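S.K.: I am attaching a structure below and will ask some questions about it afterwards.
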Amino acid sequence: MPRPIQAFIHSNALRHNLQQVRHHVGDAKVWAVVKANAYGHGIERVYDALRAADGFALLDLDEAERLRALGWRGPILLLEGVFEPRDLEVCSRLGLWHAVHCEQQIDMLAAHKTHAPHRVFLKLNGGMNRLGFKPQSYRAAWARLNALPQVDEISLMMHFSDADGPAGVAAQLATFEQATQGLPGERCISNSAASLRFGADARVHQDWVRAGIALYGSSPNYPDADIGTWNLRPTMSLRSRIIGVQALQPGDAVGYGSRFVADAPMHIGVVACGYADGYPRICDTGTPVLIDGVRSRTVGRISMDMLAVDLTAPRAAGKASGFGSEVVLWGLASAAHGAAALPIDEVAAHGQTVGYELMCAVAARVPFGQEC
Ligand SMILES: *Cc1c(COP(=O)(O)O)cnc(C)c1O
């Protein structure tokens, strides 16, 4: 028997979430962002559900290869463009569209030998100061690209720094409009947060949006809005089982450092899940879990391979929780437990992080399954 921990991918939820994104962005085309191995879900596992997108956006050439191997003939966009000249050969061979965010990438294109010119997305640094040309050098970069025989259509791209927060998109949107005024080409500026919060505005959704986290059932602006607000569904469930039970008396401690001490008689379950599975070590006492579909909490430190949970709540709810019981670390309980939900955002908040980080960090030793 393998350890009982398993992650499940919910294809119907991926389909549903893609539809929800579409509802927010008018007639814009949608890039399904599948970087970081589809936010930890696995490109091969999400492909069928997300092939209703208009294209796939990612960073790694080998992930683009995998999408072509799956049979995807539509657009693929490299969000960071190429890293060295020979990457352009892969772009030519696989027909990849790529971002151009710096002069060095234009130099590489100018030296590239290709039969078919490349579709490129010229990136504006609208104030985030990560990748992209400053507004004052954007037009010169466009003109340089436009003069190259290696370049086909030029699209215009930007990334918001504050689409999920109180600052919103207004200032950077104005920067984009000014820097690109009069330039031809499709526009692509919005991530999930901008799409969900402001996507009704045609100036925000433009021609393409890049949706990542919303597809994967995590709210880009939790806790201001949870997945219920956006009508998104969890796409990944991390589940394990109880492999041991301890009865505690008042004063008994749990785990390394004796960080939890019982103040009344209680039972705890020891779960086959630890930080070596990708569960954050910081999620000690009080982080929500579902035991037999009933909400409870972690107790004590998270170990490498185990963590402890409080059996009080499920037993009070009439469940015979103990050895072998199902524990949901995030996502959905199994159908036998009513598919109760524990949004990944709630767990992430207890770990002082975001859903993105948890889903990307599920360890290689955790086996994956599919569950509609
Ligand atoms: C990751 C990424 C996205 C997707 O962001 P989400 O917040 O997950 O929707 C969009 N654009 C770029 C350039 C990215 O790197």
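Every residue, even glycine, has its Cβ placed from backbone N, Cα and C.
Nobody curates TrEMBL annotations by hand; they come from automatic prediction.
Positions annotated as active site, proton acceptor by TrEMBL: LYS35, TYR256. Taken from TrEMBL, the feature N6-(pyridoxal phosphate)lysine applies to LYS35. The substrate binding site annotation in TrEMBL covers ARG130, MET304. Positions annotated as domain 'Alanine racemase C-terminal' by TrEMBL: 235-371.
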S.K.: To the nearest whole angstrom, what is the C-alpha distance linking MET304 (substrate binding site) and TYR256 (active site, proton acceptor)?
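M.R.: It is 11 Å, counting Cα to Cα.
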S.K.: Which residues, sitting 6 or more apart from ARG130 (substrate binding site) on the same chain, put a CB under 8 Å from its CB?
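M.R.: Spatial neighbours, sequence-distant, of ARG130 (substrate binding site): HIS159.
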S.K.: Which three-state DSSP class does MET304 (substrate binding site) fall into?
M.R.: coil
S.K.: For TYR256 (active site, proton acceptor) and LYS35 (active site, proton acceptor), determine the Cα separation and express it in whole Å.
M.R.: 36
S.K.: Including all protein chains displayed, how many Cβ atoms other than that of LYS35 (active site, proton acceptor) lie within 10 Å of its Cβ?
M.R.: 19
S.K.: Near the Cβ of MET304 (substrate binding site), how many other Cβ atoms are there if near means within 10 Å?
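M.R.: Total other Cβ atoms inside 10 Å, all chains included: 11.
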S.K.: Taking only the residues in the domain 'Alanine racemase C-terminal' (235-371), give me the average pLDDT of this model.
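M.R.: A mean pLDDT of 97 is what the predicted model shows over the domain 'Alanine racemase C-terminal' (235-371).
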